[in-house]
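Reviewing the structure listed below.
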Amino acid sequence: MKELLNLIKEQILHFNLIRKLAIYNIKSKYSNHYLGVFWNILQPLMQVGLYYIVFGLGLRGVRHDVIGVPFIIHLISGLFPWMFISQSIIGGSLAIYQRLGLVTKMKFPSSVLLSISFTNTLINLLITTALLLILSIYYQLVPIWHYLWFFYFIIASYALIFGISLIMSTLVIIVRDTNNILQNVMRMAFFITPIFWAIENATPLMVKINAFNPFGYLIGTYRVAFIRDHVNVYGSWHDHLFYWMICLLLLFIGSQVHYKFRNKLVDYL
């Protein structure tokens, strides 16, 4: 527990550094592009368009609403948070491996790189979520206070993603195959998470699987914030308890693994 508290303290003490480097990374990434940071919203929209053609027009045929919400909005409310979650986990797992030289030169904790990676993808999420917020307000999909759930979503996602990143960022350096395994796991999770489909219309088996899927919890919470007006809170107290137990377990294991190897990672490169 001491290691976990130290990690939290490191993130708080280096908050300004995390913010500045995250913004710098985004600016430098698109510095040679004519459209610049506009790609942050253009790429997700192109992906949404592709999935809508395949799943909305191709497989579904005649357009139908999903729980009273147009399918395209339902699709956006699943894809935007999923892209954020997936990119955050993949990026977090490679954050230390790709920037280990920077840590040795600038002398700041390597755990800060995980928060920088998360902040990069969070900025992208804020941009894409602005589009969903406009649609939600225009169609009056939820009461205004529902939007507060988005802030809970950010906190909950950070706890899960930071815990996973602590573990995977170390394993990726020690065992390089881990990154390929993680990418395949995320691809499988994409299809068992209620992104295209609604949990309310799912089979009993998929409902049971989703109950143990922390990504499903996050997607459900995100949708309650913007498009689900028939519920005030996602899931039951069992879902919330299970999710936060998973987060605490990952954070505890991750902090132990991170502190055990953080000073030895250069030896594995």
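Note: Cβ is positioned from N, Cα and C throughout, glycine not excepted.
Predicted automatically and left uncurated, TrEMBL annotations should be read as such.
Sequence annotations record features per position, and here TrEMBL assigns domain 'ABC transmembrane type-2' to 35-261.
Within the chain carrying the transmembrane segment (37-59), a Cβ under 8 angstroms from the stretch's Cβ atoms is held by residues 26-27, 30, 71-72, 75-76, 79-80, 83, 123-124, 127-128, 131, 196, all 6 or more beyond its ends. Under the heading transmembrane segment, TrEMBL lists 37-59 (among others).
The list of residues near the transmembrane segment (71-97) in space but at least 6 beyond its ends in sequence, with Cβ under 8 angstroms from a Cβ of it, reads 44, 47-48, 51-52, 55-56, 60, 63-65, 103, 110, 113-114, 116-118, 120-122, 124-125, 128-129, 131-132, 135-136, 139, 141, 153, 157, 161-162, 164-165, 168-173, 178-179, 182-183, 186, 190, 193-196, 198, 215, 218-219, 222-223, 226-227, 265, 269. Per TrEMBL, transmembrane segment is recorded for 71-97 (among others).
The feature transmembrane segment is assigned by TrEMBL to 118-141 (among others). For the transmembrane segment (118-141), same-chain residues at least 6 beyond its ends with a Cβ under 8 Å from one of its own Cβ atoms are 18-19, 22-23, 25-26, 37, 40-41, 44-45, 69-70, 73, 76-77, 80-81, 83-84, 87-88, 91-92, 147, 150, 154, 158, 161-162, 165, 226-229.
Under the heading transmembrane segment, TrEMBL lists 147-174 (among others).
The transmembrane segment annotation in TrEMBL covers 181-199 (among others).
Taken from TrEMBL, the feature transmembrane segment covers 241-259 (among others).
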